[in-house]
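The transit peptide annotation in Swiss-Prot covers 1-52. Residues or ranges marked as transmembrane segment by Swiss-Prot: 155-175. As annotated by Swiss-Prot, topological domain 'Lumenal, thylakoid' applies to 176-340, with the evidence given as sequence analysis. What Swiss-Prot lists as active site is Ser184, and the listing cites similarity to another entry.
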Amino acid sequence: MAIRITFTYSTHVARNLVGTRVGPGGYCFESLVRPRFFSHKRDFDRSPRNRPASMYGSIARELIGEGSQSPLVMGLISILKSTTGHESSTMNVLGVSSFKASSIIPFLQGSKWIKNPPVIDDVDKGGTVCDDDDDKESRNGGSGWVNKLLSVCSEDAKAAFTAVTVSILFRSALAEPKSIPSTSMYPTLDKGDRVMAEKVSYFFRKPEVSDIVIFKAPPILLEYPEYGYSSNDVFIKRIVASEGDWVEVRDGKLFVNDIVQEEDFVLEPMSYEMEPMFVPKGYVFVLGDNRNKSFDSHNWGPLPIENIVGRSVFRYWPPSKVSDTIYHDQAITRGPVAVS
C-alpha cells in the first residue's frame, strides 16, 4: 500500500513539474522529456503576418511560376534572399552575409509563387525577324552535365538548382542575365528564353567556333542611322568561323575554308547565297541558328571580337527547359586555310 501511494505521489509531482514551467529548469525538463517520451511536435506560427518579406524578392519572381507550392524551394529562396540582403553590417570580407537561423522557418511554410518575372535586358533587338513557329525540342546541349543532372531530378530539385545558380550569379560582375526576344537562335534558344552570360572565359582564351556569344552592335550598324541601332543594343549569335577563315554559303549549306559544315543545331538549310568572305584578324563570323530569320554576319560582315561582352552558358528560364547552352559536339569539320 505504501509503495502504491509513493508511486502515485511521485507521478503527481512529475506532472506538476512538467506543467508549471517555473524558471529555466522547467523549460529544460520539458524540452528533454516531451520530445522523447510524448513525441510532441511544436507547430510554427503559420500566420502570413510573420512571413519574411525576402520571400517575395526578385529572384523568386524571376525563377518560379504561379503554380508551384513547394515549401522546400520556397524556403531555399527565402534563405538565399536573407543572406544576400543589403545590410552592410552583416557582410564579411568575402562579400557573403552571415546565415540567419530564422530563415529556416520558411521551409515549413507554404505560399503561392509570384507570377510575371521582371524584365531583363533583351538581346538581339531590332533587325531580327520574329516568327512564332510551332515549338520544337532544342537539339543543343543534350549531353551537357547540367542536362544529365537535371534529367534525374524532380521539379523541386530543378527549381532549387536554378535558384541557387542564378541567385549566386545575379548580382555578380562575372555574369549577367539576358532575355531572348526573337527566334533568330531557334531551335537552340526560343523567344522568351532567358540565359546567363558569363564574362570571364574570354580573358583567358579567344572566342571559339560554336560558342554562343552576346555582343554589342557592330560599328558598321552604328554608322548608318537608317538601321536604327545604338551602342546600347546587343545581339546573340553563334560563332561559325574565326580569324583567318574563309566563309561561303552555297546550295543551302555553310562552307568554311571550302569544307561543308555539318551542324545539327541549325533549323533548316539556308535559302540565300553568299560569296566567299575572309575573316580578318581580331574578328569572328557569327550566324543565328535560325539562318533564314537572323540578321547577322551574312548581312553586315565579320564581328570585331572586342564587341563581344559574354558567352551564353546556361538557360535558366523557363524552368522546364533549364539546361546549359554550350555545344558539346566539337566534330565540326574545318579545312586548312588557303595561303597565296
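Even glycines carry a Cβ here, placed using N, Cα and C.
Ser184 (active site) falls within neither a helix nor a strand when secondary structure is assigned with DSSP, and so counts as coil. Other Cβ atoms within 10 Å of the Cβ of Ser184 (active site), summed over all protein chains shown, number 28.
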